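Asks: My questions will all concern the structure given below.
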């Protein structure tokens, strides 16, 4: 894998991370610890959150607010060492059998082997749109920023402000797009050793427990949903420091970065899995190779 092109990416990432840190809120204000008892913790005056997993239970949290479109940023430092069998999930989701969902899932691995970043998009209860990546850094050594840009035209997944995936609105060819159901932000750390690492061949080593992931610098530049309406409907987004996400698309630089990631770091793409779809690839796959 070539890393020479990644130098400028890392420099930009450092700048973006420092800017995001400046506008981060408090986990006490923004999130509820929803399960796991003492395994989920908020500390450092609300600036740091941790989730832990042991043999008894994992843990999780969710946002107090619901959002309908926006840019969501969070910095994570993943479980270090032997993380095989563990999954750290960070995602947006609505509720119900026809829910929408936008997923980051980090699949742990044996010490020295890379994490797998698993992404998926659910619309009207239907997923099966997986893309998986290795990362160009060790996500356990330092915090890195994982972002979702969600507007009526597209969803963009970013890592340290580098786009890794774009899912465009393809309603014109019959593909549902998440645009009507408000979503909360969720995260959880849990045991999935029946499938997470090499298809379940590698099990969780409980002698290494507890497994812990850390979160900081959350920022939601987004439309808040409350009492059946969006804060954006009253044009309150005009007061946001940055509302570019509302019409954000990939420019030339961003599309080159996307091609770089998908060339060197993508390890699975449902849009190229002909064996999985013998009757033909999903329609959005035929529309664009970058979906």
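Numbers here mean position along the shown chain, with the first residue as 1.
Cβ coordinates come from backbone N, Cα and C, glycine included.
All TrEMBL annotations are machine predictions without curation.
As annotated in TrEMBL:
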type: ACT_SITE; residues: 101; note: active site, nucleophile
type: ACT_SITE; residues: 105; note: active site, proton donor
type: DOMAIN; residues: 21-215; note: domain 'GH16'
type: CARBOHYD; residues: 109; note: N-linked glycosylation site
Asks: Mind giving me a neighbour count for residue 105 (active site, proton donor)? Other Cβ atoms within 10 Å of its Cβ, every protein chain shown.
Replies: 19
Asks: Tell me, roughly as an integer, the mean pLDDT over the domain 'GH16' (21-215).
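Replies: Taking every residue of the domain 'GH16' (21-215) together, the mean pLDDT is 95.
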Asks: Taking just the CA atoms, what is the gap between the residue listed as 'active site, nucleophile' and residue 109 (N-linked glycosylation site) in Å?
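Replies: Residue 109 (N-linked glycosylation site) has its Cα 25 Å from the Cα of the residue listed as 'active site, nucleophile'.
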Asks: If I restrict to non-local contacts, at least six residues apart, and a C-beta distance under 8 angstroms, what lies near residue 109 (N-linked glycosylation site) in its own chain?
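Replies: Listed in sequence order: 83, 84, 115, 116, 197, 202.
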Asks: Using all protein chains in view, find how many other C-beta atoms are within 10 Å of the C-beta of the residue listed as 'active site, nucleophile'.
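Replies: A 10 Å sphere around the Cβ of the residue listed as 'active site, nucleophile' contains 18 other Cβ atoms.
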